[in-house]
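Engineer: Here's a structure for you.
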Amino acid sequence: MLSRRIFQQLTDSFLYGSNRLVAGRICSASKCTSCSARRQTTPNAIRHASSSSSTRWKSRQGNDFFAREARVQGLKSRAAFKLLELNEKHKLFKPGQTVVDLGFAPGSWSQVAVNRTAPNGRVVGIDLIPAQPPRGVSTIQGNFLSPTVQAEVRAYVQDPDLGRPRRQISSQQDGGFTEDDVEELERGYIDLERQAHLDAEGAVVEEATEPAETKTSIKAPSQKERDAGQGRVVDVVLSDMLMNTSGIPFKDHAGSMDLCMAALTFCFDTLRTGGHFMCKFYQGSEEKALETKLKRLFTKVHREKPDSSRSASKEAYFVALKRKEAPTREDVFR
Ligand SMILES: C[S@@+](CC[C@H](N)C(=O)[O-])C[C@H]1O[C@@H](n2cnc3c(N)ncnc32)[C@H](O)[C@@H]1O
């Protein structure tokens, strides 16, 4: 069971100030089992709220220790306790880090990440549905399975100054991000890679033309420089993404594996050496293959079912620690 200490840490009003949850505001996934309240901002949510299953759902939430505790602590959902528990065990966060939270809504993981990476951290949340960003979180609304959205997120994290103050990027559909904007951001990302490549080439040419005695003065790029040159600038990637479950186990499992693979590919592209990845998955026959891929890219991989995850739920988590530098895309995804 979760230790009293974790709750104690959360009760510190300094951490969350007066940012208390007044009314539950949660993801719109109609059968999302992780969240503590229905969103009340869309016609869809209003439709759900009037059904009798919603009444049963509300009463289950009322009896749920973690949901109650989340309300008391001003957390956006009970899901926070899963991350707190796994962070307590695996020490994912440090001050100043860049964290990408895939499937962030309603935002309790982001709240935890903001808190655990302060001061000077930055947290970028991505979700299908529009949701009010928690304080200190930048958000991008869109489907993470879309290559355009993935490119948007990659481009965003490349700029170390973006996302430190609170801001929100609207999706293209909202008329906020045009294709030109994305192209420009993406160009910035590509230019960065190109420049790193040119720098590396320049270093080689210099080495070849300089007299032998000065060769030793050429400094090999540091780990950080090598990572930055490859666009690996993120410290922690979290994915709690899950689509609306259908009740057909294999279908739900397959959908979950697609989301995990998209998140893992994103890790390959953006996670710095030594960075961590935590992702939710719906259990099933393909999870072993996912674990194998994770083991190729990370030094240590743990399979977890946190106490706050309902035992009836088929969800579980992989916590993958310390991204390795050497594996190529082919090595990992073969
Ligand atoms: C369990 S909820 C996340 C709860 C969140 N971790 C928290 O602490 O509040 C799962 C979220 O994943 C999002 N999601 C599912 N599929 C997605 C996709 N393809 N792209 C982006 N978000 C997605 C859902 O909209 C939903 O908000």
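Just so it is clear, glycine is given a Cβ too, placed from its N, Cα and C backbone atoms.
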Engineer: Looking at 205-230, 283-308, which stretch does TrEMBL describe as region 'Disordered'?
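Structural biologist: Matching range for region 'Disordered': 205-230.
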Engineer: Could you tell me the mean pLDDT over the domain 'Ribosomal RNA methyltransferase FtsJ' (76-323), as a whole number?
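Structural biologist: Across the domain 'Ribosomal RNA methyltransferase FtsJ' (76-323), the average pLDDT comes out at 86.
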